[in-house]
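Here is the structure we will look at.
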Amino acid sequence: MGIIIKTASEIEAMREAGRISAMVLRKAGRLVQPGISTLEIDEFVEAEIRAAGGIPAFKGYAGFPGSICASVNEQVVHGIPSAHVVLKDGDILSIDTGAIVDGWVGDNAWTYPVGNVPPEKKRLLRVTEECMWAGISAARPGNRLGDIGHAVQSLAEREGYGVVREYVGHGIGRAMHEEPNVPNYGHRHTGIVLQPGMVLAIEPMINMGTRKTRPMPDGWLVVTKDGKPSAHFEKTVAITEDGPVVLTEEPDYKRPVD
Ligand code: MG
């Protein structure tokens with residue numbers, strides 16, 4: 001199949017899927033508090049995506065039952081939303097979600113603190129978000145794929161964290177997962193040359209302890225091998241002549257002053 005290069009007008013069209021994906025993720029984040037179940041958040045997200053004119057990109061994907069992946073604490077990715085998973089003070093929750101609009105897919109994730117979170121978890125969240133921005137900033141024409149992975153890995157490992165290898169970012173467009181794979185590890189100046197028109201989901205998954213993971217018997221959920229917490233941040237990014245452009249954002253959104 002190869003890497004599908006998008007035209008400028010196709011990238012424009014992808015902004016609407018990105019905007020709705022970002023909007024529902026932000027609103028879902030406002031629900032995160034002790035006592036709510038991940039199924040309640042999932043149902044909210046599905047309703048919001050549909051009300052905005054989109055289709056939940058995750059629901060039914062390879063048989064996945066939810067509109068979000070909800071992964072708590074040592075859960076790395078792909079947690080199935082459940083009425084039995086009720087958030088507690090001090091947890092961290094990764095919400096990964098996306099919308100399909102006019103056939104284009106948006107994909108994004110954020111890890112939220114639940115109530116009062118201990119400092120070591122706060123640091124994991126802060127550093128993993130920084131890893132994502134470092135990866136995004138390396139997504140520019142003339143760089144290579146390995147520059148993205150290197151940017152993420154060097155920052156995470158400097159902080160003593162483990163970089164997940166088994167799950168990676170990806171190209172995205174009319175399909176949620178397109179070529180290329182976008183690893184969160186790698187060497188500078190290696191891999192394919194990045195070109196304008198590539199659209200990538202950049203999504204570091206960073207563990208407080210070992211990088212090693214373990215798949216769970218439900219066939220979806222992935223946890224850290226040592227049981228220590230893991231964080232996950234993701235944005236859909238277009239590579240343009242002028243550098244990286246985040247598509248999963250809300251250009252019209254004004255953050256309330258608090
Ligand atoms: Mg993704």
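The backbone N, Cα and C atoms fix where each Cβ goes, and this holds for glycine too.
Taken from TrEMBL as is:
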type: DOMAIN; residues: 12-241; note: domain 'Peptidase M24'
type: BINDING; residues: H78, H177; note: substrate binding site
type: BINDING; residues: D96, D107, E234; note: divalent metal cation 1 binding site
type: BINDING; residues: D107, H170, E203, E234; note: divalent metal cation 2 binding site
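Within the set of binding-site residues H78, D107, H177, E203, D107, E203 have a CB atom less than 6 Å from some atom of ligand 1. Looking only at the binding-site residues H78, D96, D107, H177, E234, the one with its C-alpha closest to H170 (divalent metal cation 2 binding site) is H177. Neighbour density for D107 (divalent metal cation 1 binding site): within 10 A of its CB lie 26 other CB atoms from the protein chains shown. Its Cβ taken as reference, H170 (divalent metal cation 2 binding site) is surrounded by 20 other Cβ atoms within 10 Å in the chains shown.
Per Cα geometry, D107 is the residue among the binding-site residues D96, D107, E203, E234 nearest to H177 (substrate binding site). Counting every protein chain shown, 25 other Cβ atoms lie within 10 Å of the Cβ of D96 (divalent metal cation 1 binding site). Taking Cβ-Cβ distances under 8 Å and a sequence gap of 6 or more within the same chain, the neighbours of E203 (divalent metal cation 2 binding site) are D96, D107, A109, M132, V168, G169, V182, N184, H232, F233, E234, K235. Mapped onto three states, the DSSP output places H78 (substrate binding site) in coil. Cβ environment of H78 (substrate binding site): F64, C69, S71, W220, L221, V222 lie under 8 Å away, each six or more residues apart in the same chain.
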